[in-house]
Amino acid sequence: MYRTISRAAGAAAGLCLTGAAPAFAQSVDETVNQIFANSTGWFVSFIFSPFPGTSFPWIVAWLVIAATVFTIYFVFIQFRAFGHAISLVKGDYSDPNDAGEVSHFQALATALSGTVGLGNIAGVAVAVGIGGPGATFWMILAGLMGMATKFTECTLGVKYRNEYEDGTVSGGPMYYLTKGFAERGLPGGKILAVMFSIFCILGALGGGNMFQANQAHQQISGIVGDYPGWITGVIFALVVFAVIVGGLKSIARVTEKVVPFMGVTYVLAALVIIIMNADMIRWAFGQIFQGAFTGLGVAGGMVGALIQGFKRAAFSNEAGVGSAAIAHSAVRTKEPITEGFVSLLEPFIDTVVICTMTALVIIISGQLLTDPETGLYLVGESGMIQTADGTSGVSLTSAAFASAFGWFPYVLALAVVLFAFSTMISWSYYGLKAWTYLFGEGKNKEIVFKVIFCIFVVIGASANLGPVIDFSDAAIFAMAVVNVLGLYFLMPIVRRELHSYLERLKAGEIKKFH
Amino acid sequence: MSGKFVVGYDGSEAAQRALEFAIDRAAAQGGSVLIAHVLEWSPYSFLTPNELEERHKRRREELERAETALMAPVVKAASGKGAEIESVIRYGRIAEVLCDIAKENEAGQIFIGRNGHSAWGARVFGSVASALVQTAPVPCTIVP
């Protein structure tokens, strides 16, 4: 697997220079790719190192244990508060005098446009392509549990945000780690906040940027024919630059309006395909359940399916990562807990609904090849399940949709490009917040980060999928290490808020306005 | 019937005509006029993270601008014409908010100007006048 190669090559960080020297004759893409793989390999292998003697990465266990702890600690809040969350989003509890302020719906929609994207399309294809249909089961389970994690972090995000004189707000893990720890009299909050910020910047450049640029390029070159990735990178970088540095709001605004429609179109298309193959739904779920506990021949068996499912769910809905806490913290509410309730819908929509749709379409399309005699999936040398068209990642999803609608790859390509773009815009903001937390606010300091961000767009589009996807996952999971640790110490604060709110809701003190 | 009239005002010529028309009627009855300015807003729109962050600040600026540039001058100009003048600025869907304001103030009538979109334009963009006529809790006067 590519990971072992990059690990060996990246053992000494100094190699990145010597590795680049003979590469002059190579294309720009290959050079960028090699430097990238060499310089990030050590980080990736640390984050994904398995428990000794097993193939189970400790980071996956970390997230699943966290989601389980929060689910139990808040007594299945994701199911108890689901209905209330929906009435909050509908605006049933919004004071009409607050009209014109950020609504629960808007905070949720913005946070969603940062998470719904390639994870749901390409990420799921990668998970199912390696872990088989069974990965879907673990992905849904992780999505449901992750709702409790998201609830915890977003409540804290609103509670400990900074509100400035001029009316702007800044929130996120770096603020609740600092203020929350201080409030509880615990040491180390500041250190965690700084660590989180560093990882957040790396995550913004990795999963929030390079992975997006990379997959957008794959998608475009799949349609117009192969061409060097740096061209896509430069074009994307210029547009991103125009928006985040040039303040060209019109592009961002158009994207923010088109993206939700693309999301709905995607889900509808998936639903149509599933309904068209209604007779296969039972079979597909059979594969999902059977694969979940036996693996159906995939690399690593049941554990392989489980790891892929959990990994993709976490990468897609970002529960525990802390990014959503940044996006959600701008809402106008007197009760921080209400934003926690609203945010728990996010993993549900993202993972339980949209990711599952993608997985079902891939399974139903029959793209994954099985051995006709044993019914087990055929695994290639790379550990990936062999596919009908030899595709993987976003191309696999594209091929699966194309088996029903020949024209869908074009729609999907547009969707991927737009999703990639809106995710980049969101992550440039998350990264910027972490950057200004570390280095202080100021126009020049912000510009430096924004320019670095744009450079990474080019690198991401030029590099191969392997090293980029590894680094993306690693950086984002590193955020979760710090964030979740903080959440454990701060969860009693959330519980206090929760009890107080539920009591007042029951007593009728919190009233509906509509 | 209450002597308070609500006038939807956006600074346009049509709104000005509606306001004058309402003031004449109110003055004749010894009633009052509530000038209402509605900033079009939907809680279900989509914003970028940056816009979310600045929303509270922008809202404050928008309200200030509406007050100083639009409402203060019109209230001043309308005063002393025989009717008591009040003003209000709100966010929301224009027709909906005008209805709410009328209900809250127990107003007897709503006045708005018609800006004369073509029938096609009204169909595409929606028309405040037709939405108001459909839903208003009190009689409406549309001033051409």
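Cβ atoms are placed via backbone N, Cα and C, with glycine included.
All TrEMBL annotations are machine predictions without curation.
If you look up TrEMBL, you'll see A:1-25 marked as signal peptide. What TrEMBL lists as transmembrane segment is A:58-79, A:121-141, A:189-207, A:227-246, A:258-276, A:288-307, A:348-369, A:407-427, A:447-469, A:475-494.
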Which one, A:189-207, A:227-246, A:258-276, A:288-307, A:348-369, has the most C-beta pairs under 8 Å toward the transmembrane segment (A:475-494)? A:189-207
Look over the recorded stretches A:189-207, A:227-246, A:288-307, A:407-427 and say which has the most C-beta pairs under 8 A to the transmembrane segment (A:258-276). A:407-427
Folded-back contacts onto the transmembrane segment (A:189-207), same chain, C-beta under 8 angstroms, at least six residues removed: 173-175, 177-182, 315, 321-323, 427-428, 430-435, 437-438, 449, 452-453, 456, 468, 471-476, 478-479, 481-483, 485-486
